[in-house]
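Copied from Swiss-Prot, the annotated features are:
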- GLY9, PRO10, THR11, ALA12, SER13, GLY14, LYS15, SER16: ATP binding site (BINDING)
- THR11, ALA12, SER13, GLY14, LYS15, SER16: substrate binding site (BINDING)
- 34-37: region 'Interaction with substrate tRNA' (REGION)
- SER100: site 'Interaction with substrate tRNA' (SITE)
- ARG121: site 'Interaction with substrate tRNA' (SITE)
Amino acid sequence: MVTPIAVVGPTASGKSALGIALAHKLDGEVVNVDSMQLYKGMDIGTAKLTVEEREGIAHHQLDVWDVTETASVARFQSDAVADVEDIMSRGKTPILVGGSMLYVQSLVDDWQFPPTDSAVRARFEARLADIGVEALHAELTQLDPEAAAVIENNDPRRTVRALEVIELTGQPFQASQPPKDAPPRWGTRIIGLKTTPEWLNPRIEQRTAMMFEQGFVAEVEHLVQQGLIADSTAGRAIGYSQVLAAMAGEMTWEDAFERTVTGTRRYVRRQRSWFNRDHRVSWVDASGDPTAQALEILGLQ
């Protein structure tokens, strides 16, 4: 039976390159698990591989949402599970590539999403309108520090959703998620790229500089014409949020660059914390030869 391979780890650690290498070795197809690469036109700012960089490897779950659409982990899960099972039915190996934590978990684990209640949600949305997202996120931190650690403090939708789940279940939001010691769906093997700040931080700064040099601002300007706004899932993405703020005169371009770098580093710390808690991950050194190490772990070298 074909076994999917998941490639996880922090931003700028080389997941896409490792995914391509494994797909070549294993006759695989890539399923994207980066939430922002799901959006059409969000290319430069998400380091989405170009068609040429995909080296003839089929990719799924890229460019499937308009920037006006609200992200949905449940929708992604349904669509991506169908992709994985289709790839397996054709005798090919699904290579799941991405670092979006909840999206990875929704795919690798059989996550049954908790209930919703429109009245409870409306109450928290009213609270959000009254005190603002950062103050509401602070309340989430008091109730459930682990959930707050993986939800950005400028993300109103996920903050409200976490509070709704906590009230409805009487448990922390994290308790609604599958345990990280359960067998992964399909027996998926999870390969993680291990990095150090000393190695990764310069790569983050270099990548951010390259984004701006390659036309990131023009990309955002084009997406604004397609309906991108600051108060949306896509508009809150790291980098896009800062460019939109600079375009609106709310910060300088120098600040936009620096805040993109610091925002990415902050996100990387959350990714490290999240994936380090998952003992099913087999780690390879991102600064060495991760492909050879991964193949050895998989018993293929």
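Note that Cβ sites are derived from N, Cα and C of the backbone, with glycine treated the same way.
Under a cutoff of 8 A between CB atoms, and with a sequence separation of 6+ in the same chain, the neighbours of SER16 (ATP binding site) are ALA47, LEU49, GLU53, VAL97. Shown are the recorded positions LYS15, ARG121; of these, the residue with the fewest other Cβ atoms within 10 Å is ARG121. Summary of the ATP site environment: with the site residues GLY9, PRO10, THR11, ALA12, SER13, GLY14, LYS15, SER16 set aside, the chain residues having Cβ atoms within 8 Å of the Cβ mean position are GLY99, LEU193, THR195, ALA286.
For SER100 (site 'Interaction with substrate tRNA'), the nearest of the binding-site residues by C-alpha distance turns out to be THR11; the candidates were THR11, ALA12, LYS15. One way to see the shell of the substrate site is to take the Cβ centroid of THR11, ALA12, SER13, GLY14, LYS15, SER16; the remaining same-chain residues with a Cβ within 8 Å of it are GLY9, PRO10, ALA17, ALA47, GLY99, LEU193, ALA286.
Neighbour density at the Cβ, taken as the number of other Cβ atoms within 10 Å, is lowest among the binding-site residues GLY9, PRO10, GLY14 for GLY14. Between the binding-site residues THR11, SER13, the minimum number of other C-beta atoms within 10 Å of a residue's C-beta occurs at THR11.
The DSSP breakdown of the region 'Interaction with substrate tRNA' (34-37), given as helix, strand and coil counts, is 3 helix, 0 strand, 1 coil. In this structure the alpha carbons, written CA, of ARG121 (site 'Interaction with substrate tRNA') and SER13 (ATP binding site) are 37 Å apart.
Summarising model confidence by region, the region 'Interaction with substrate tRNA' (34-37) averages a pLDDT of 97.
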